[in-house]
Amino acid sequence: MKSLTCFKAYDIRGKLGEELNEDIAWRIGRAYGEFLKPKTIVLGGDVRLTSEALKLALAKGLQDAGVDVLDIGMSGTEEIYFATFHLGVDGGIEVTASHNPMDYNGMKLVREGARPISGDTGLRDVQRLAEANDFPPVDETKRGRYQQINLRDAYVDHLFGYINVKNLTPLKLVINSGNGAAGPVVDAIEARFKALGAPVELIKVHNTPDGNFPNGIPNPLLPECRDDTRNAVIKHGADMGIAFDGDFDRCFLFDEKGQFIEGYYIVGLLAEAFLEKNPGAKIIHDPRLSWNTVDVVTAAGGTPVMSKTGHAFIKERMRKEDAIYGGEMSAHHYFRDFAYCDSGMIPWLLVAELVCLKGKTLGEMVRDRMAAFPASGEINSKLAQPVEAINRVEQHFSREALAVDRTDGISMTFADWRFNLRSSNTEPVVRLNVESRGDVKLMEKKTKALLKLLSE
């Protein structure tokens, strides 16, 4: 029995050909069907050149297991989340490799209610069955049906439920879909704005879906992927810039000067907006950078709740706490009314409405927060011995630390600064985040000291 290396901690991702191909996709479909025994599931795929073929092989595996398949076509991951909870079906699978290189593809799996299927919640079971490849013969009388459906209008209806279009004043927005799956959704949102008479002008960059990614793999978390959005904001004198990754489950924002705004400060902005409408609500955040979020949420009368990093952990904690909103500094934003799932479309609509309601630019809204809690942003270091390096840092700072937290990696808090250090699940990399209380130089000094310690 050959092991399938495309099964990762939270999803499926692999190099095309050997790690992931149509035969393996069929086996994954068959295994999902045998393990969960769903009646109906939804399928979708991103713009990658292999997504359609892998999706159809997956569908055949599911049908062979007796599962009815509803195919929503080219879509972002959150459209599968939406379809799963909106239709009340038993699960969903999106074929996507998000921002991975061209020669990769993958899958994100959910069960009923758009709950994630990850390592300890069924993914290992699906892997075991797919690897064994020992399925009962196909019963043609019980073979599942296949149907193509279109839910785009219902999805856009849902998105517009988060804002009041009457609050929108004249806005010019640059939106960079990166030739990914976001383009058609942006078109549908633009058409809806026009139909409702909203004074919003969208300047669309790289809006045509193209699995060849002629303008590079869309991953605005990387500074080298931000120039086209920044330049368009400056050229057109736009109020804000928005950029997506390939399956648009993350959304990245740029202010009116084309400056990239770290996702950390957007979490505070959205938390405050939700608490204005829902006083006393719980807000979930990750441990990497937290002081700004805790400060904003507490001041607004909400309850901040820290969760381990990663979508499966955040979603589980949101359900447990019945939190209205959750945010990670990595530009993942989660919403209770979106079945506790993450969306890349809801955040920019909310921020656009906030710009109009507050009568302030995005830059003005986050400037004070950025000054109050300056942050390093996540710095990755490739190390031969990551565990030893983390232990070295902990020993060095243990005497002066006021608090130590191990929710995710290690967080150490001092009077005027704090840091979080965690190792990657998938590679020999440690990820460092540092923040201070209103002191950029202190933050920079401590960041340098930590990086030096790590590399010794």
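Yeah, the Cβs are placed from backbone N, Cα and C, and that goes for glycine too.
SER98 is the only one of SER98, SER381, SER398 that Swiss-Prot places in the Mg(2+) site (with ASP245, ASP247, ASP249). Highest Cβ count within 10 Å among the binding-site residues ASP245, ASP247, ASP249: ASP247.
Listed in sequence order, ASP46, THR77, GLY106, ASP245, GLY246, ASP247, ASP249 are the same-chain residues at least 6 apart in sequence whose CB falls under 8 Å from the CB of SER98 (active site, phosphoserine intermediate). Under the DSSP three-state reduction, ASP247 (Mg(2+) binding site) is assigned to coil, being neither helix nor strand. For the recorded Mg(2+) site, residues SER98, ASP245, ASP247, ASP249 set the reference point as the centre of their Cβ atoms, and the other residues of that chain within 8 Å of it by Cβ are ASP46, GLY76, THR77, THR96, HIS99, GLY180, PHE244, GLY246, PHE248, ARG250, GLY344.
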